[in-house]
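> Have a look at this one.
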Amino acid sequence: PPPASPITVFVCLFSFLDLCIIMSCQVMMKHAWDNYKRYAWGLNELKPISKQGHSSNLFGNIQGATIVDALDTLYIMEMKEEFKEAKEWVEKNLDFNVNAEISVFEVNIRFVGGLLSAYYLSGEEIFRKKAVELGEKLLPAFNTPTGIPWALLNIKSGIGRNWPWASGGSSILAEFGTLHLEFIHLSHLSGNPLFAEKVMNIRKVLNRLDKPEGLYPNYLNPSSGQWGQHHVSIGGLGDSFYEYLLKAWLMSGKTDEEGRKMYYDAVQAIETHLIRKSSGGLTYIAEWKGGLLEHKMGHLTCFAGGMFALGADGAPNDKTGHHIELGAEIARTCHESYDRTSMKLGPEAFRFDGGVEAIATRQNEKYYILRPEVIETYMYMWRLTHDPKYRQWGWEAVEALEKYCRVDGGYSGIRDVYNNHQSHDDVQQSFFLSETLKYLYLLFSEDDLLPFEHWVFNTEAHPLPVLHKDDGNKEENQK
């Protein structure tokens, strides 16, 4: 046979390298999972240095956060034995009849989202049943004068309250704004319209309010229906509200016109008032405090690169290319925040003032807790542009995670990414298995694995199918 052309050899080599990296992601997942199973099985999270369980008060007495959060990753990575043992634990041990105060937001995105995606991927009825059962337990959170839900809920008594630090008893935009996808699916799978009605009412409240400069403040009082402090962030406290406006439209088969309009109007205001360029040419998203900008960007904000790119196709006024470019610029800035540290892992927040760019200047912002947002943006940018630099940047992250975060008992966060002498925080977050490893795996997989035209990811990276008008009857007929 004639010798293979250099291009053929290159393509084969490139494909082989991708396969090797995919296998590396599976090995990382197995290391994280096996150690969780060995030292913390049935508890919420793992302390990989201490080799024992770690429980966050976000979940109250509900247990098994890592199991439920990891279900779909195990399934997607074809880790069949591990998925089977996780399913058996859910069947026998996942219990919501507990007297405990939980974070409505965290339980929704991790537990409800995780159970929904496990059901849609595997078809196993237990996951649908548990998702609906938990959704019903969350409904009393909406019993406020406005229907804007409480942040915290005792799921036995049904009594809710807000975080005491949140602007005079306010609910938080990113928390009450990040229920929409899951609750639409709960109505779809249960036949109970109440879930969808609750989240659609949140939109009604928001649409009645004046937005300062077209922006959504992070705080809203659930009793008065008025904004709290005029703080605006596309990072913590605001982030996933904007993500869910776009994804609600995409998940509806692009029929949710209200979600579409709210998203693109918000992006326009964000561009005008929050997006800035540093003297060194880095595009960043500042925070807005009563009209004054704080030139700081959080790791959480880095999801926005992927969001802008994902929404580019529907952008008004021929702005598709502009939104892709905006996504690419945010991705580059966030990569710089990684590249400018000793460990090549990004800090919790980085600044653009006092002569620094994309660097954390405060000790309490220098930590890395295995967060996924930068890798999430690389995955979206790769899928939407196929620029190979995003896979290169993803591989850099794999190498850094393996070098600095992998320990005998799993993976740990780092206290200071600028210090070569690593000090671990001793927590393997459940979102490391749900998001960070899943997005890495998808970054190096073919585009037809969970294609964007059929799936939308919730903010914990749990894939939910796009719903078309005739899907409701199909699902009802299956039950």
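From the backbone N, Cα and C atoms, a Cβ is placed for every residue, glycine too.
TrEMBL labels come from automatic prediction, so no person has curated them.
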> Please work out, from what TrEMBL records, which of Cys334, Cys405 forms the disulfide with Cys302.
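When TrEMBL is consulted, Cys302 turns out to be bridged to Cys334.
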> Let's check the environment of Thr459 (Ca(2+) binding site): how many other CB atoms sit within 10 Å of its CB?
26
> If you compare CA-to-CA distances from Glu373 (active site) to each of the recorded positions Glu106, Cys302, Glu348, Thr459, which comes out shortest?
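Spatially nearest to Glu373 (active site) by Cα position is Cys302.
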> Return only the integer: C-alpha distance in Å from Glu348 (active site, proton donor) to Thr459 (Ca(2+) binding site).
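The Cα atom of Glu348 (active site, proton donor) is 18 Å away from the Cα atom of Thr459 (Ca(2+) binding site).
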> If you measure from the Cα of Thr459 (Ca(2+) binding site), which of the recorded positions Glu106, Cys302, Cys334 is the nearest?
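Comparing Cα positions, the closest of these recorded positions turns out to be Glu106.
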> Cα-Cα, whole number of Å: Glu106 (active site, proton donor) versus Cys302 (disulfide bond)?
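Here the two Cα atoms are 19 Å apart.
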> In angstrom units, rounded to an integer, how far apart are the Cα atoms of Asp239 (active site) and Cys334 (disulfide bond)?
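Cα-Cα distance, Asp239 (active site) to Cys334 (disulfide bond): 15 Å.
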